[in-house]
Structures are given as structure tokens and as C-alpha cells.
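J.: Below: one structure in C-alpha cells.
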């Protein structure tokens, strides 16, 4: 399908925003200054000290605030190559996922991300910028099944119900949902900004398995809906390069057990899964790429070689180019200086180890190349970035299933407040935009940077 692929906007599939907090909007949390009440039918539901969110339920709830329930909405591409499409018949009992799962579908547009844009971004903008911001809300962006609480998992059911209704109404191409599984115990073991709710010491593995079981129950309930999952960003990559960090060393066995459990339990006919594989500047180095392939294959095999594991996701929440003519100075020493070089170097190693070598790449924030990173490992709110290519299957490489938006641009990577519990030094570097709020909360200045520098433009 071309750029006119069937489009479902968030407005078409979610309640309209009103004067109070919109459906799925943030309504409380540390540093939050917006409305603490919600539109009719939604309650301000506490997640933790950082997040509360307007979730379905009667009443007008108390104050709290959500973290990134990053969601994805139905979209074809609006100004990029053709967008993902798939062959699942609307209304079928089971949506079988085989081959490239992005082929023949339209992706579900993220109501939560759209609500952030409509309530936080657009009121701050005028003229062309406001119009462009509204267009961003229609780009499919993955839903992150986390707001530092597994209580966010039921929201997945709301979105899958919306997708089922759209497909039953004759959506053509049919709509698929895209989600990120992200709640490991002792999560983000080599950094601080995205530490999660579970700890290994406090029943974390069992809690994680219950989180996965809850996701499975929804996927089974909505077996007629095709779903694409990215599994645990940063987790296995940390086990390749950061076992010298004590927290990562302590978490190694739990990470493997949990990821293996996730991909075996979620191995359902309507599901396609991509394990996270870091990016070229992380695992693409000659010393890392072989051990990375070995680890992915080992976890896959230990889980029983699940048939619905399609491959790997790269560049999640990062900034790398897909293909760049001249390797930037900050990539010096790594011949795999872009994501295409990285996956083409990794693929034969995966194949020989028995792991399926298919890939997707997050292009949500890679529109400006080269970046202004002073070091390739600088990941926090990097200055000068822009929105990248919209979701599409037109990748030009048979290994690459699709370019997708996994990271909702405008949600913060981490706070620059040095006194904050989750402050990470990367967020205080010279190439990090400041001042920045807590990870997952709305960062208006960063959204405007991405919008101004978008390539292609909106």
C-alpha cells in the first residue's frame, strides 16, 4: 500500500478530549502541573509518585500520573514510503501471523500519545506548527505496556477492543496492534532513568510472570486481532556489554528466565515478536556482535524456539541512521556505523546459530544525520534530533521488515534534575536538552525540536 493506506486516527478510536484531562492523559505525579480531573467516564488513577493517568472508569478520581503508555495507532504512512499492510481477514476467528507481520495491515494509532499531543503540545503551538503537531498524532507509535505498574496492562484490552471494532466495521486493510513488553525486575540495570516497579529481591520474577500471563489472557481474548510485540528494550543487550555493572550481573539469570518465559508464553498464532537488540553503536562493535548473536540464539532455544519470534528490533528510542554515506566521527572504530550495516553483519551470525534473522528499526527520532551526539553512547534527550521516516515496509533491504515508531517522540528519556532519585548522568551531558522532566513524562521543548527538524517534514 502507498501513502494513502487506510488511516484510523486516534480521534476515531478513542473518546474525544475535553477541558478536563483527556482519555489516557496524565493527571498527576511529581512535577505535574496540569488538570488532576478527567473527562466523564475516566478516573485519575494513581500509578506511582511519578505518574497518574485518566483511565476508563466512572468518577473523576484523584491525582496521579502515567508513564509512557506509549501506544500505536492505525496508520498508513502519511509522508514516507508506503506503510505497513497485512493479510489478516477482518473478523476472522484467529488472526494468523506469518511472514512479515507488517505486510497488509494498518497500524493502530496511539490514543494516549494523541492525547499528550492534543493536551500538552498543541495548546502551546500556533499556525503551521500546531497543524503539523496534529499530524504527528496520526502516526502509529507502539504502546508501551508499562507506566511503572502492571496495572496498565488492562489498557491493552481497551485498545484491542477498539481494533476489533474497527475491523468488524470493515477496516481495509485490517488493523493490527503494536505493543512493547517492558517490565523486567531490576529493569534498566545499567542506568537509572527508567528503573521499574519490580525488584528481583522482592518476588520480581514471579510478579513479572504474572504480568506476562495477564498480557497473554488479553491476546487470547482478542485472538482475532493481529498483534506485534517488541520484547524488553535494553535487557539482553545489557547482558552482552554490562555484566561488569553489579546490578546487571545480579540480574542476568532473572533477565534470561523472564525473557524466555515471555516469548514462550506469548507464542500465540495472532502474535509476532521481535526481541530488542540494542543498536549499531551498542552491539555492532566487533567485540560485541558475536556474543550478542550467541545470546539471542541461546535465549530463543531455551524458550523452545517459539515459532512466533520473527526476529529483532533495533535502534529503539535511539537516533541512528538506517544508511549513512560517511560514518560520523562519534562512530569511529565501529565499521557497522549505521543500522543497515549492523543488521547485515548480525544476520549471518544469527542464522548460523539458529535464530530467525528478520528486523525492524525504530525511526521515530533519527531524522537528522549525523546527530549532535558527542559520544555514540549518549542516549538521553539528545539535542538537534528530528522525527524520522514514518512507518513503512518500503525498507529496500529484505532483512528489514519495517521501519516503525517505537518511541513516542516528546516523552522524556530522563530528568536533568540532579537531585531526583532517577537522575542519570547521561541526562546532564552537554548534548542532552535541558531542563528535562522525569522519564516518560511530556517534554514539550523536545517535541517541538523533533517537529521542527522532522525529515521528511510534516
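Any Cβ shown, glycine's included, is placed from N, Cα and C.
According to TrEMBL, the feature signal peptide maps to 1-21. Taken from TrEMBL, the feature domain 'CBM1' covers 19-55. If you look up TrEMBL, you'll see 65-91 marked as region 'Disordered'. Residues or ranges marked as substrate binding site in TrEMBL: 144, 148, 279, 282, 318, 379, 407, 411. Feature annotation from TrEMBL assigns active site to 188. If you look up TrEMBL, you'll see 234 marked as active site, proton donor. If you look up TrEMBL, you'll see 413 marked as active site, proton acceptor.
Tell me what's around each of these sites.
T.: In the structure as shown, the Cβ atom of residue 411 (substrate binding site) sits within 10 Å of 24 other Cβ atoms.
Taken residue by residue with DSSP, residue 188 (active site) is part of neither helix nor strand, so it is coil.
Reduced to three states, the DSSP call for residue 234 (active site, proton donor) is coil. Proximity of residue 234 (active site, proton donor) to non-local residues of its own chain (separation of 6 or more, Cβ distance below 8 Å) is seen for 188, 190, 276, 278, 316, given in sequence order.
The DSSP secondary structure for residue 413 (active site, proton acceptor) is coil. Using a 10 Å Cβ-Cβ cutoff, residue 413 (active site, proton acceptor) registers 24 neighbours.
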J.: Just how many other Cβ atoms lie inside 10 Å of the Cβ on residue 279 (substrate binding site)?
T.: 26
J.: What's the number of neighbouring CB atoms sitting within 10 A of the CB on residue 379 (substrate binding site)?
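T.: So the Cβ neighbour count for residue 379 (substrate binding site) comes to 24.
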J.: Please report the distance from the Cα of residue 379 (substrate binding site) to the Cα of residue 413 (active site, proton acceptor), rounded to the nearest angstrom.
T.: 8
J.: Would you count the other C-beta atoms found within 10 angstroms of the C-beta of residue 318 (substrate binding site) for me?
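T.: Taking all protein chains shown, residue 318 (substrate binding site) has 26 Cβ neighbours within 10 Å.
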